[in-house]
Amino acid sequence: MKRMACILPGFSLSLSLFQIVFFEDKNFQGHSYECNSDCPDLHSYFSRCNSIRVESGCWVLYERPNYGGYQYVLTPGEYPDHQQWMGFNDNIRSCRSIKNVYGNSCKIRFYDRPDLAGQMEEWSEDCSSVHEAFKFCEFHSAVVMDGAWVFYELPNYRGQQYFLEHGEYRNFTDWGATSPVVGSLRRITEF
């Protein structure tokens, strides 16, 4: 197993709060690469990613370098093929660990207009169907007050994923979406 250059100097992988292993082939076969820190460009370490083992911490994986493209949020566990993390293909080009998620408290506000305007809803639980739970299902802006969240484009935690951490998102494009439609949302509680 090769170690990636994005490992933080002075940190041992065995002591890291964050560790992820990428495999080029399905079922944890082929060349593998370990990482324990944010890495904006994974292309030089592998050409494809077909399975992943998250040893510790929670991670956001991106289809393109510099944290762009489709996002995939992974919690500790094994993902024997890219369909297990709802991947559209075997392209993983950047990753970052989810930090600063403390305790079990999660709270988010979302608005039906850009710039934190219009109707506002406040939420603190997972929601498998935004359409059934809220007056509106287009989130044009949001404020994550506590914790970290994943928005899904479809109900029942399916479709494209968008990671939101503490802070303001004045437009849906700020969290990487191309549309304001949100089908479901989930708190990130495993850390």
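Cβ coordinates are placed from backbone N, Cα and C, and glycine is handled just like the others.
Database features (TrEMBL):
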| type | residues | note |
| --- | --- | --- |
| SIGNAL | 1-23 | signal peptide |
| DOMAIN | 18-56 | domain 'Beta/gamma crystallin 'Greek key'' |
| DOMAIN | 57-99 | domain 'Beta/gamma crystallin 'Greek key'' |
| DOMAIN | 147-189 | domain 'Beta/gamma crystallin 'Greek key'' |
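Here the domain 'Beta/gamma crystallin 'Greek key'' (57-99) has Cβ contacts under 8 Å with residues 16-20, 22, 26-28, 35-43, 48-51, 148, 150, 158-163, 165, 176, 188, 190-191 of the same chain, all six or more residues outside its ends. When pLDDT is averaged over the domain 'Beta/gamma crystallin 'Greek key'' (147-189), the result is 95. The residues of the domain 'Beta/gamma crystallin 'Greek key'' (57-99), classed with DSSP into helix (H, G, I), strand (E, B) and coil, number 4 helix, 20 strand, 19 coil.
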